[in-house]
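Chemist: After the structure tokens below, expect a handful of questions from me.
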Amino acid sequence: MSKQRPYVKFKQFQEQTGIFFRNEKLLIQAFTHSSYVNEHRKRLHEDNERLEFLGDAVLELTVSQYLFEQFPQMSEGELTKMRAAIVCEPSLVTFAHALSFGDLVLLGKGEELTGGRMRPSLLADVFEAFIGALYLDQGIEAVVQFLGKTIFPKIREGAFSHVMDYKSQLQEFVQRDGSGVLEYKILQERGPAHNKEFVSRVSLNGEELGVGVGRSKKEAEQRAAQMALAKLKQLQQG
């Protein structure tokens, strides 16, 4: 795809994603690297750096709002830690790869020869620039809708649960205290196939410590462990 004329591949991208830009120049700018601009000075091109700046802020805001609404039990520190894991470079690169953003980038010949198209920092910047372009073209709701198809489902599936790994914390707490054996059990699986919800229970030596609900078994277990951890810490404090 990267060898095609720019306008052709951007039209194909819009058809494939169902995201049609009112101002297609913004879309093209989002994928225009500074090296391309430097090699095409006779043409009116603008690189994606300003859009990246804007997209970074929009991404932080929308992810923050989603986490705030979806995880009411999380503290400010926990929310900050989770958000950092979602908007960090490795995560953005993963999202960019999933959407084949590397194929769309307009690069200078030198940057192309040195493997710039697949450079992690470049792909992360492009993802942020695309968010900035989408925001300018269609507003915050369009960004939320896009993230609802690309990032938010991964959060619900527990892709970032390692950041707030309550199961490991609970296991360490129990082992340190010498309390006994933890057991997780899925109590209920409810809802339609496309929107399932799981209820998990964690017990210590047969005694229920916490119950959690989540969009995946993993998330439900994490939430149950979080409740159990809070309960044990409270008991410890007297």
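Easy rule for this one: first residue shown is 1, then count along the chain.
Placed from the backbone N, Cα and C atoms, the Cβ positions cover glycine too.
Grabbed the feature section from Swiss-Prot, which reads as follows:
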DOMAIN    10-139  domain 'RNase III'
BINDING   Glu52, Asp125, Glu128  Mg(2+) binding site
ACT_SITE  Asp56  active site
ACT_SITE  Glu128  active site
DOMAIN    165-234  domain 'DRBM'
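So where do these features actually land, and what's packed around them?
Modeler: Per DSSP, the domain 'RNase III' (10-139) is made up of 95 helix, 2 strand, 33 coil.
Sequence-distant contacts of Asp56 (active site), defined as residues of its own chain at least six apart whose C-beta falls under 8 angstroms from its C-beta, comprise Val87, Glu128, Gly132.
The Cβ of Glu128 (Mg(2+) binding site) has 25 neighbouring Cβ atoms from other residues within 10 Å, across all protein chains displayed.
Averaged across the domain 'DRBM' (165-234), pLDDT for the predicted model comes to 87.
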Chemist: Can you break down the domain 'DRBM' (165-234) into helix, strand and coil residue counts using DSSP?
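Modeler: Taking the domain 'DRBM' (165-234) as a whole: 33 helix, 25 strand, 12 coil.
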Chemist: Among Glu52, Asp125, all listed as binding-site residues, which has the most CB atoms within 10 Å of its CB?
Modeler: Asp125
Chemist: If you take the centroid of the Cβ atoms of Glu52, Asp125, Glu128, the listed Mg(2+) site, which other residues of that chain have their Cβ within 8 Å of it?
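Modeler: Here the non-site neighbours turn out to be Asn48, Glu49, Leu51, Phe53, Gly55, Asp56, Ala124, Val126, Phe127, Ala129, Gly132.
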